[in-house]
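Novice: Mind having a look at this structure? Questions to follow.
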Amino acid sequence: MADPQSSSSSFTVKEPVLSSSPDVESQQGRNNPSHWFLVRHQDGVTDAVLNHTYPGQGTPESPYVVDFLPQDGSNPMQYSRTKKWTITMLQALATLAVAFVSTAYSGGVYEIIRYFHVSTIVAILGVSLFVLGFAIGPLLWAPLSEFHGRQIVFFFTYFGLAAFSAGAAGAQNIHTLIILRFFAGAFGASPLTNSGGVIADMFNAKERGLATSVFAMAPFLGPTIGPIAGGFLGEAEGWRWIEGLMAIFTGVLWIACSLCVPETYAPVLLRRRAAKLSQLTGRAYTSKMDLSITATKAQQVKTTLLRPWALLFTEPIVFLTSIYLAIVYGTLYLLFAAFPIVFQLNRGWSAGVGGLAFIGVAVGMVFAVAYSMFDNRRYGRVAAASPGGLAPPEARLPPAIIGSVLLPVGLFWFAWTNGPDVHWVVPITASAFFAAGLVSVFLSLLTYMIDSYTVFAASVLAANSVLRSLFGAAFPLFTTYMYNDLGIHWASTIPAFLALVCMPFPWLFWRYGARIRSKCRYAAEAAAVLQKMLQAANEQQEGQQGQQAAAPVPVVGEDGRVEVVGLPVNESPAVLSEDEGTVVGDGEGVREKRK
């Protein structure tokens, strides 16, 4: 081994024992770096890591293959329970803050109209362009997180969110305000795509159910809290302090997450570890996860950008589901523009009290998330009774079927009881039914698409995210005109009719989904890849019976997601990285191996 004299590291280096055996787990290697070491050093290289025995010869033709040590404190899966939940809550708060910022602006819309002497539609652009940023940001942050990790992407993008929000607080004209709002949305979209992946990095399938359900509340509760806080603050201190609150809130979270959340994305951690070991020793090291990736970075970026659109326009399930969720999401943001008209203009409520009307929406969302936790148990029973412990994707759909009924019921109810002659509690109760239906449909259909497209699911979610963000940006723009021209009753009825038209979609997927998927290229290909993965895992298990090391086996966790237990995270050549935008080793790499 070459002596790394050029390195300034103080590590003690000894020659690794050359080994052709891949059973690294049999070694008693331990690596216990401190939290601050992990925050500052993504490679996690300590003396224990440097002197560990790795399979391979250390040459370019046969490099040492780097994996986490059996007891490795830099492996996110081995974090303590306290650390996992601290990171989970911080990521949930970071995501909630982004959603909060998207709608808190609405609490100062009427003051912005008076201050800058602009029309309502121009002022509402501050909401629409922020949400439009949600559509554009993930196209950049998702591939960057795959190559550079979640930590560094979050550090720069969340700082951008706080900085642009602070700049908006000092805006001297409406053009500056709405442009800064757009950039704040684009930079703030990073947690929406990456924070869910952080949770998947730390929890295995059996543990992930509760963490996922808790995290799921953040992007739904944030938009409902925003108008409440923004309404009272805007009424008391003015619209600039609303923007100032956004900057302070996101700035504090940026500091907290930067200090408390290390890199958790296993492919990047091992890639950096391999590079650092190569630098220190002069020998060739490679990450175990990079062995399965055959596509170049350019090919991976191209795939990340183009495949979502191919899936959207060639797969009927993806297209119909995305349209449905986009309409529902757009309707939610339509309400953020409609509620001030219904409750402030027509009932004479102040901006602060008018924001309280969103409490009904928040209550409905909380009930729906609680029900999703209960439904996870039902799904677990279905999976346990299914061949191989793997339930069909359609087993995800019962909550969506229920939610698809609640959506039009809540919207029609709201539409024809929102006049000032009806007690305010009636339309607010109706909004709770709409919100419960929204969350039920969202969580159910998103997991349905994940199960249907497995290795392509990240691309499916990216397409869905872009489309629904476009709808969320567009709907508020025509809300004021629609309510002025049609009145509060008929204007509120239009989204109710759209929800009614889409109501059969979950039932059609339940009845005919398997048949449709069998005729769709990507769905059929994803199913074939998953079956090969499960078959290979079962064959390996049979071949290693009686040995101490357990073979990889597919299991279904509390949240119903399939995980091949016994392999390091993402070891398989086609494993979904659950951050809306990247798939580790999917696509071209998988197809090359199968050819």
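Cβ from N, Cα, C; glycine included.
What TrEMBL shows for this protein is this:
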- 87-514: domain 'Major facilitator superfamily (MFS) profile' (DOMAIN)
- 1-31: region 'Disordered' (REGION)
- 572-595: region 'Disordered' (REGION)
- 85-106: transmembrane segment (TRANSMEM)
- 112-140: transmembrane segment (TRANSMEM)
- 152-172: transmembrane segment (TRANSMEM)
- 212-233: transmembrane segment (TRANSMEM)
- 245-270: transmembrane segment (TRANSMEM)
- 317-343: transmembrane segment (TRANSMEM)
- 349-374: transmembrane segment (TRANSMEM)
- 395-416: transmembrane segment (TRANSMEM)
- 422-446: transmembrane segment (TRANSMEM)
- 453-475: transmembrane segment (TRANSMEM)
- 487-509: transmembrane segment (TRANSMEM)
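Situate these features within the shown structure.
Specialist: Within the chain, the transmembrane segment (112-140) has long-range Cβ neighbours (under 8 A, six or more residues past its boundaries) at 101-103, 105-106, 157, 173-174, 177-179, 181-190, 192-193, 239, 305, 333, 336-337, 462, 465-467, 469-470, 472-474, 476-477, 479-481, 580-581.
Sequence-distant contacts of the transmembrane segment (152-172) (same chain, at least 6 residues past either end, Cβ-Cβ under 8 Å): 94, 98, 101, 137, 141, 144-145, 180-181, 183-184, 187-191, 194, 240-241, 243-244, 246-247, 250-251, 253-254, 257-258, 261, 263.
Residues 88-89, 91-93, 95-108, 192, 195-196, 199, 241-242, 245, 332-333, 336, 339, 350-356, 358-359, 361-362, 365-366, 369, 372-373, 376, 435, 438-439, 442-443, 559 of the same chain lie 6 or more positions beyond the ends of the transmembrane segment (212-233) yet place their CB under 8 Å from a CB of it.
Sequence-distant neighbours of the transmembrane segment (245-270) (same chain, 6+ residues past either end, Cβ-Cβ under 8 Å): 35, 38-39, 42-44, 66-68, 74-76, 86-87, 90-91, 93-94, 97-98, 100-101, 104-105, 145-152, 154-155, 158-159, 161-163, 165-166, 168-169, 184, 188, 197-198, 201-202, 229-230, 233, 287-290, 568-570, 577, 584.
Long-range contacts of the transmembrane segment (349-374) within the same chain: residues 107-108, 110, 209-210, 213, 216-217, 220-221, 224-225, 227-232, 234-236, 332, 335, 339-340, 342-343, 399, 403, 410, 424, 428-440, 443, each at least 6 residues beyond the stretch ends and with a Cβ under 8 Å from a Cβ of the stretch.
Outside the transmembrane segment (422-446) by six or more residues, the chain places 216, 220, 224, 321, 324-325, 328-329, 331-332, 335, 342-343, 347, 357-365, 367-369, 371-372, 396-400, 402-407, 409-411, 413-414, 461, 464, 506 with a CB less than 8 A from a CB of the stretch.
Through the fold, the transmembrane segment (487-509) approaches residues 317, 320-321, 323-324, 327-328, 330-331, 334, 338, 341-342, 346, 394, 397, 400-401, 403-405, 407-408, 411-412, 414-416, 418-419, 441, 444-445, 448, 479, 516 of its own chain, all at least 6 residues removed from its boundaries and within a Cβ separation under 8 Å.
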Novice: Would you mind listing the long-range same-chain contacts of the transmembrane segment (85-106), meaning Cβ under 8 Å and 6+ residues beyond its ends?
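Specialist: Residues 79, 124, 126-127, 130-131, 134, 154, 158, 161, 165, 181, 184-185, 188-189, 191-192, 195, 198-199, 202, 211, 214-215, 217-227, 229-230, 242-243, 245-246, 249-250, 253, 256-257, 260-261, 264, 333, 336-337, 340 contact the transmembrane segment (85-106) from elsewhere in the chain.
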Novice: Near the transmembrane segment (317-343), which same-chain residues lie under 8 Å Cβ to Cβ, leaving out any that are not at least 6 residues past its ends?
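Specialist: Non-local partners: 103, 106, 109-110, 124, 127, 131, 223, 227, 311, 349, 351, 353-354, 357-358, 361, 407, 411, 418, 424, 427, 431, 434, 438, 441-442, 445-446, 448-449, 452-453, 460, 463-464, 467-476, 479-480, 483, 488, 491-492, 495, 498-499, 502, 505, 509, 513, 516-517, 520, 523.
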